[in-house]
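Asker: Sending over a structure as structure tokens; questions will come in a sec.
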Amino acid sequence: MPFVERVLGSTSVFVFIIVLVCADHYHPDLEFENDKAVKATTNLAELTAQYWIDEAQAGIKARQTRLRTDDGNVARNVVMFLGDGMSVPTLSAARTLLGQRSGRPGEGTQLAFESFPSVGLTKTYCVDGQIADSACTATAYLCGVKANRGTIGLTASVPRRNCTASLDPSTNIESIAAWALSDGRDAGIVTTTRITHASPAGTYAKVANRNWENDAGVRNNNQDPNICRDIAYQLVHSYPGNQFKVILGGGRREFIPNTNIDEEGTVGRRTDGRNLIEEWRMDKITRNVSYQYVWNRNQLRSAADNMPDYLLGLFEGSHMQYHLQANEETEPTLPELTEIAIRSLSRNKKGFFLFVEGGRIDHAHHSNRVELALDETIEFSAAVARATELLSEEDSLIIVTADHAHVMAFNGYTHRGGDILGPSDNRDQDGTPYMTLSYSNGPGFRSHVNGSRPDVTVETNFGVPTWRAHVEIPLSSETHGGDDVAVFARGPQHQMFSGLYEQSQLPHLMAYAACIGPGLHVCSAASRIILTPSLTLFIVLFFFTYT
């Protein structure tokens, strides 16, 4: 009898427990999200892919006219760095902490990507939501089409959890990773979350609910996982995921049966009996290509010494550990993962697309653990710095952005160089200290005593990385924010990423620079005829001379 069955008495009991815990506690399904399409927009054209494609192409044309310049360079390689939940206040606070860790005041410090030559802002709302989640945003910044919250790789005509609607081919949209593969380039993904989480899934999945990471999740919504395949299954068996040369992150539990325990004691969550790690191996054997599956840091380093054609690394049962809490023996760092992915993909002379996510910035914010959130941002910056060392600015486009904001506030009034993780120099009306960084909502709420806030600076665990900052509205998980998020660009056509625009323009702009996918490309003759003043004068003189 399998170990799990011996412990819990029966497989059926265990399946029931799995169904209860399958939902992501950081991003709970909201009660107002139902199986009916939310027609939040008065423009029904927004439910189609073509609306957002046309909007993005019009944006590219407008930039060509406005910028009046074209460096002519084409991006052979494209690396998109995504800081999940990396709001603008998060950037400001993280750069300050980075400086203060080196003994400086901190405010004047720069994160690695803040020196990139072009900076822009994107609007993060979704078709059915003023404030976004990581699923609809992934569809926007990877597939170029805005969607409904909780859905991935589908148009907004598909309501969340509607399996039937997602089967219509007209609702399925491809990602920039698929565009790169179609051009003969390679693709890969790196994340500190589960590899089946919403952000990385945007590169390969088409699914009506982000929580369908395994077959049990699909069944939990009374749907048939043999009809609507779960995210882990799609990564292993469906295009484009089954063509990714590098897959590095967490989430082993989504790939193994609930009767199995992984290398570190995590119980699997699949109820279909499938071991998708083994099926990934068998697929590579069938295709007669070299491959390696690794689950710890030493194995990853060994694989890097003799790089296989295909590399799968799953380093945790669920999400990877926070950087400040990680076991250095088993857990690779995000800069290490990024370097190995780039070295692997760089073997393709035509180039590659790589998606790298610092995913746990978001989770720390949801828990009101501000030091962990800022440290994850600093680690994310180190990964970007490593990429800039490995890739030439002449032929490699690097984009750094976020999917959505959070509700962390940067409060006044602290003197220059004041501890970014400490209390403000100011106090509230009752004379009680408040923190320079706090949240408008989340689990860090403290009950007021006699109408006054408690002094959080006297708490016994004050100042440790897992301490929760204070908040005003009690919630089990802090919410996302609706702010615009920053975009930083370096490499060919970087100037195209300036300004304020829809988040769904991002993959079209990357495709423009790399000459992949649909739409306008910098390498097409038509797109490169830009009427500069000198060219306009030449055309006028030519016209009057020869007519």
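Each residue, glycine too, has its Cβ placed from N, Cα and C.
TrEMBL entries are annotated by machine, without manual review.
The annotation active site, phosphoserine intermediate is assigned in TrEMBL to Ser134. Residues annotated as Mg(2+) binding site in TrEMBL: Asp84, His197, Ser199, Glu357. The feature Zn(2+) binding site is assigned by TrEMBL to Asp84, Asp362, His366, Asp403, His404, His480. If you look up TrEMBL, you'll see 1-23 marked as signal peptide. For 525-546, the entry in TrEMBL reads transmembrane segment.
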Asker: Among the binding-site residues listed here, His197, His366, His404, His480, which has the most company in the form of other Cβ atoms within 10 Å of its Cβ?
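Answerer: Sorting the candidates by Cβ neighbours within 10 Å, the top entry is His197.
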Asker: Centre the Cβ atoms of Asp84, His197, Ser199, Glu357, go out 8 Å, and tell me which other residues of that chain have a Cβ in range of the Mg(2+) site.
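Answerer: Sorted by sequence, the hits are Leu82, Ser134, Ala138, Thr191, Thr192, Thr193, Ala198, Pro200, Gly358, Gly359, Asp362, Asp403.
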Asker: Determine, to the nearest whole angstrom, how far the Cα atom of His480 (Zn(2+) binding site) is from the Cα atom of Ser134 (active site, phosphoserine intermediate).
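Answerer: Per the Cα atoms, His480 (Zn(2+) binding site) and Ser134 (active site, phosphoserine intermediate) stand 10 Å apart.
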Asker: Which binding-site residues from the set Asp84, His197, Ser199 come within 10 angstroms of Asp362 (Zn(2+) binding site), judged by C-alpha positions?
Answerer: Asp84
Asker: Enumerate same-chain residues with a sequence separation of six or more from Ser199 (Mg(2+) binding site) and a Cβ-Cβ distance below 8 A; give 'none' if the list is empty.
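Answerer: Spatial neighbours, sequence-distant, of Ser199 (Mg(2+) binding site): Leu82, Asp84, Ser134, Thr137, Ala138, Thr191, Thr193, Glu357, Gly359, Asp403.
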Asker: What count of other C-beta atoms do you get within 10 angstroms of the C-beta of Asp403 (Zn(2+) binding site), across all chains shown?
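Answerer: That number is 30.
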Asker: Count the Cβ atoms, other than its own, that fall within 10 Å of the Cβ of the residue listed as 'active site, phosphoserine intermediate', considering every protein chain shown.
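Answerer: Taking every protein chain into account, the count is 30.
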